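Quick look at what Swiss-Prot annotates:
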type: DOMAIN; residues: 30-65; note: domain 'EF-hand 1'
type: BINDING; residues: 43, 45, 47, 49, 54; note: Ca(2+) 1 binding site
type: DOMAIN; residues: 121-156; note: domain 'EF-hand 2'
type: BINDING; residues: 134, 136, 138, 145; note: Ca(2+) 2 binding site
type: DOMAIN; residues: 159-194; note: domain 'EF-hand 3'
type: BINDING; residues: 172, 174, 176, 178, 183; note: Ca(2+) 3 binding site
């Protein structure tokens, strides 16, 4: 196994994962706002379309490995004829289809009395998300690690270490200047939106 393959093997993968239902937003209008922000971040050149290359780059920046051919096949089903990539409406349709496939439909989950349908080990999903931010693997997210991830995502908050430190302070319950897994988990559970 060469170095590139070993790095890819160490990264979380999108293949054959069941996602945690707790990460699915249930409030339609809030979901649309967040989805638009994600779309704009992924649309690196600002042309109003997300190409397979842009999507692959965004997933790679998040530390996720996606099979390029599988990604292209999935995305192409939602790209309108004559378009180079996904427009926001297409991205929204893809997001809804993936959400239904991973979590079950919102109607079906509500009818079954489950808060998201589908299973998945929520703790393991949280740990995988934590690892994206814990760049050095020491079990903590420092301000510099958070800043590094925000830069990779192209977020403006990455420009100021003071802003990033403030973000850390908002989550850091024991005031050690870092975010441990317990603090990260509490923060992630706190931002989950369960709509009607």
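Each residue, glycine too, has its Cβ placed from N, Cα and C.
Features as recorded by Swiss-Prot, highlighted on the structure.
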{"residue": "43", "record": "Ca(2+) 1 binding site", "Cβ contacts under 8 Å, 6 or more apart": "49, 50, 54"}
{"residue": "47", "record": "Ca(2+) 1 binding site", "Cβ contacts under 8 Å, 6 or more apart": "84"}
{"residue": "136", "record": "Ca(2+) 2 binding site", "Cβ contacts under 8 Å, 6 or more apart": "145"}
{"residue": "138", "record": "Ca(2+) 2 binding site", "Cβ contacts under 8 Å, 6 or more apart": "none"}
{"residue": "172", "record": "Ca(2+) 3 binding site", "Cβ contacts under 8 Å, 6 or more apart": "178, 179, 183"}
{"residue": "174", "record": "Ca(2+) 3 binding site", "Cβ contacts under 8 Å, 6 or more apart": "180, 183"}
{"residue": "176", "record": "Ca(2+) 3 binding site", "Cβ contacts under 8 Å, 6 or more apart": "none"}
Averaged pLDDT score, the domain 'EF-hand 3' (159-194): 82
Rounded inter-Cα distance in Å - residue 134 (Ca(2+) 2 binding site), residue 45 (Ca(2+) 1 binding site): 28
The domain 'EF-hand 1' (30-65), counted residue by residue under DSSP: helix, strand, coil: 23 helix, 2 strand, 11 coil
Check: same-chain CB within 8 A of Ca(2+) 1 site center, minus 43, 45, 47, 49, 54: 42, 44, 46, 48, 50, 51, 85
Shell of the Ca(2+) 3 site beyond 172, 174, 176, 178, 183, same chain only (C-beta within 8 angstroms of their C-beta centre): 140, 168, 171, 173, 175, 177, 179, 180
Summary of DSSP states over the domain 'EF-hand 3' (159-194), given as helix, strand and coil counts: 22 helix, 2 strand, 12 coil
Ca(2+) 2 site, defined by 134, 136, 138, 145: further same-chain residues with Cβ within 8 Å of the Cβ centre: 133, 135, 137, 139, 140, 141, 142
Neighbouring C-beta atoms (10 Å sphere around the C-beta of residue 49 (Ca(2+) 1 binding site)): 20
Within the domain 'EF-hand 2' (121-156), residues counted as helix, strand or coil by DSSP: 23 helix, 2 strand, 11 coil
Protein Cβ atoms within 10 Å of residue 183 (Ca(2+) 3 binding site), excluding its own: 19
